[in-house]
Amino acid sequence: MSSVAVLTPESFAEHRSGLKDQELTGCVPEDEAYIPTYLEAFPPLPEKTAAEAKAGEPSGAWGSKIKPIKASVITQVFHVPLEERRYRDNGQFGEGEEAKVCLDIMQRTGAHIELSLAKDQGLSIMVTGKLDSVMKARKEIVARLQTQASATVAIPKEHHRFVIGKNGEKLQELELRTATKIAIPRHDDPSTSIRITGTKEGIEKARHEVLLIHAEQDKRAVERLCLEKAFHPFIAGAHNRLVQELSQETGARISIPPPSVPKDEIVITGEKEAVAMALGRIRALYDDKKRKTTTISVEVKKSQHKYIVGPKGTTLQEILEATGVSLEMPPLDSPSETIILRGEPDHLGPALTQVYATAKSVTVVEVTAPAWLHHYIIGKKGQNIGRITQQLPRVHIEFTDGEERISLEGPTEEVEQAQTQMLEIIQDLLVRMDYTEVVIEQRFHRHLIGKNGTISLNRIKEQYKVSVRIPQDCEHSGLVRIEGDPQGVQKARRELLEMVQRMENERTKELTVEQRYHRTIIGQKGEKIREVRDKFPEVVINFPDPAAKSDVVQLRGPKNEVEKCGKFLQRLIAELIENSFSLSVPIFKQFHKNIIGKGGANIKKIREETNTKIDLPTENSNSEMIVITGRKNHCEAARERVLAIQRELANIKETEVAIPSRLHNSLIGSRGCLVRSVMEECGGVHIHFPPEASGSDQVTIRGPAGQVERARRQLLQLAQEKQVNSFTAEMQAPSEYHRFLIGRGGANIRRVRDRTGARVIFPAPHDGEPERITIVGREEAVRLAQKELEALVKNLDDVVEDSMAVEPRHHRHFVCRRGQVLRELAEEYGGVAVSFPRTGGAASRRVTLKGGRDCVDAAKRRIQEIIEDLESQVSVEVVIQQQFHRALVGPKGSRLQQLTKEHQVQVQLPERGDGSTQTHTQENGEAGPHAEAAPRKCDIITVSGRPEKCELAKAALLALVPVTEDVEVSYELHRYIIGQKGSGIRKMMEEYEVNIWVPPPEQQWDVVRVTGQLTNVGRAREGLLQRVRELQAEQEDRALRSFKATMSVEPRFHPKIIGRKGAVISQIRKDHDVSIQFPEKGDEHQDVLVISGYEANVAGARGALERLVAELREMVSQDVRLDPRTHARIIGARGKAIRKLMEEFKVDIKFPPPGSEEPDRVAVTGLPEAVDNAIHHLLTLEEEHMLSVTETETLAAYMKPPSRYGGGGVGGGGGEDSNGAPAKGYVVRDAPWNAPGGDRAPDMSSAEDFPTFGASVAPKQSSAWGPKKV
């Protein structure tokens, strides 16, 4: 790491001038810190020796040799001879089993493998990758590509574990290194042979390694020496030094069991010679100590034993080291107090003296103090006890839970000092502290604590400076303990008893609220219920757990507050229930897009105007129900709006039929199958049964007029049958037969019903049982119908193959459009398979049909009908100008597709072009007077089909030709019809499917032009005229609403009239439906308010404002002086406390802004009596808060951190020295710029003055940087 100093001429001159005085004196003042020299501060780089320069390596502290970084990717190459190759592919090299094996190994190990074929047909394999990947890949390659051999090697059983290694690591490493598999017999197997499997080369390597391990272990020996446990400390020596020295000298490993283990065995392992040498030394030492040592016994109190032992036995080791005597201590769980000293006789005396001194060096004293005082003795965060332990660190103080005993342990003198200080603390606390116990029922405990202890308990603790202990629920105790100042304890006791008394008078009320409304009442993140709790702060509102599925909401609190809160919640719930009314409206699926409108305009308008929620089914859903949610009257209004749209778009009729409610379930049928069959049979009408609990007999039928009447008759007939006698039977038939059983247009099933009188119900497409057919009616009719259907199904199961002749020119009609006609035949006639020939010739007329006999016969008849239609087809030309063709096609070809399907014709449009023949323009779909002229080709549309159907299709096409009609609309209303950004006119065009043209504004025409189909144009004209009438009514209403009146109100009252966030003025505007404008800043008349609206409403709003101003004039404003330190506490979190106070006293309180000249001035405005009461309350609050403020500031003064600098106090900052003089910065002596002739700043671009690392620079004889360092 290097330091670089950047000097400019200015900084150089400044630095030089700062050092001038010291240079003149030539010495350093004694009172200043030592100034280092330049060479000491910036040591030069070391000189290179010739050897180092030649080697190009740095030396010294700057150039310690850096170890080379090994590459993480390695490459290994090995060879597999031809005779050892497992796969000898005769095919192309690189495409056989060897390549597949290598690819698999690469994927599994992540290594890269390359194969090459040598001249001797051996394999050369190169493996590249990380070390572990290469080793694994090599092992797998050898195992899978090279033929395997095996060999055994026998070594003693006790050496096997050294081959395996710790956790098998050595064995795994050996297998990877040699690419072999080594099998070692289990420990319970008497065999000593180790089996090695792999290549010959790998086996030899592995065998060699195993024998090396055996040879190494064969040199080692293990000796177990049993010596008396009492002499082990002499062999180990103090702190195990003796045994460590012996291990170093002999090279053997000596294991002596620790004192806590009752074993006499000492284990010596290592080389045989080293073990023998260590064994001899240990035996000699044991014999010597056994001969010379003797023992004495001494009785020492059991409590003193731990001091003799010392931490981790250090004291025992110190006695052994100092005297050479070993101490035998009785076990801790033994009651014996006898200590045995073993050693040479002349050393036993000093050891005994040291034992007694150690035992008596520590004393234990017990101090008695009431158990409840213990945590006060300890102090907050251990402050009190910490002062004692800091002064007397060797004293250990132990408190015992639930006992009045405090133990002090340590040196005698220090324990006595600690005992004195502890007694003083206890005496002082007994004088200042008191406690009392109050029995309070456990059910009140959680209410005393409050939420997070913030409601009641913390306030009592802070106010009376006491500690209140409330037992945990698991203790099942009602004993509450109060500790602290005697007076505070009594006051806290009284207040707790009063709170309990109030709680006993509290009332609990339960409201039954459906669980589905709970989340709505609580609101997102609890916002709504928080508002309720703020409104009724004394009431606790508990909602049940969602998993409990309970509807009971519990209120608890003072009786009056609970009643008010209960009524409030009941009103809230009633509104929720009223707004949760739901209606399901069946609307034909094709009209859903019209209900939505372009960009959702229609549905959005209905939602906003009726204040309801409207949900439509998804596009891919089969449901036609639109669900409307909100208030009942709003839902009904929205339903009428939705139904009105449907009625406008189609000839929809709605009727009601009276059917006894007891028959409704039977008419609906299982899973709605019966009523669904009626709806499908009658053209998709909607049949709506009333709710089961309503008791109503009215069933609503809605749909096309003709189908509604048909459905009504069928329902009445079914009801009559149900009343007489109803029987139901079920049968199974493959779903592909259902369409054939039904027949075209329901013809087959209608014949069955006509003959038998029973109703046959087929399952819906997505029914869970697609093969089930239900038959309903009288029993004999049902049996007969079931018999007929079973006969039909049986015939369908009888598969036959038949053929018929079809002219080749008609084949294309059947197979075109991807065989659509054939698919329809298969679906309609029980899955019959129709095959047309692919080749020409004599057999090309033969068409094969395969399926049930009845199905084949019916399909043949249908094919014959189609052929007759094709042969009787004619082509009719319809002349319609090309400009109208797009209107005929419709969006995405929908109109043209509908027309061809309805009339069973084919319509061919001409290609686009100018045409060579001119014709006169059609007006409103009619030919002009010169229609005899030849039409253009691009105007001719060809219609093909049966003659009568072609004529109907031609008439339908001509009816689609758009017409144009002018509607008289006043020019002034054009912009309202167009709407904002054209939304109004766009909506009308989408609704009526026409094009509406409005003339440009500069023309000022009173005409709007409508173009479209004749029926649509008529509807659009009526819609336009209706819109004109609405706009004219709005103009008249706007004129009535434009009445204005002014009134003069002093500007000082304006904020009060506006209210907080405009609440007051918004309420007046809402109540009287008027607009009230206040003067802008800078207006000449600042006291004038403008009221606009209906004349009667303006008069009402003016009266309300006058009454409000009269009340404001009666108000007074007084100033009160409150200490600024208490302002934040009075205001409360987010102004909650001051808002509550203003609501309570009906006053307005203004606090001075930050930086005010009078920070203690608070303005109170309101009625005189209310102002006086509010000021009195504010002064009381100030007095209460000042106690807390004073205490906090006093505590903060003691808690201030000490100054970082020795001076502390004022002026002790880091920018100046202790005398207040500016700091001189970093100063060095004998710098190059201080040398003679160094008046100029050094040249930093000079390679001589600032050499780069590793560059050799020829030194000059004379240098501005001082003498050269040798």
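Using the three backbone atoms N, Cα and C, a Cβ is placed for every residue, glycine included.
TrEMBL does not curate its annotations; it predicts them automatically.
Look at TrEMBL and you will find 915-924 tagged as compositional bias 'Polar residues'. Positions annotated as compositional bias 'Gly residues' by TrEMBL: 1208-1217. Annotated domain 'K Homology' per TrEMBL: 147-215, 219-287, 292-360, 505-574, 579-647, 651-720, 725-794, 798-868, 872-962, 963-1029, 1041-1110, 1114-1183 (among others), in sequence order. Under the heading region 'Disordered', TrEMBL lists 910-934, 1208-1270.
Mean pLDDT of the predicted structure over the domain 'K Homology' (651-720): 76. Residue counts for the domain 'K Homology' (1114-1183) under DSSP (helix as H, G, I; strand as E, B; rest coil) come to 38 helix, 16 strand, 16 coil. Under DSSP, residues within the domain 'K Homology' (1041-1110) fall into helix, strand and coil as 38 helix, 15 strand, 17 coil.
Helix first, then strand, then coil: DSSP counts for the domain 'K Homology' (579-647) stand at 38 helix, 15 strand, 16 coil. Across the domain 'K Homology' (725-794), DSSP helix (H, G, I), strand (E, B) and coil residues number 37 helix, 15 strand, 18 coil.
Residue counts for the domain 'K Homology' (798-868) under DSSP, split into helix (H, G, I), strand (E, B) and coil, are 41 helix, 17 strand, 13 coil.
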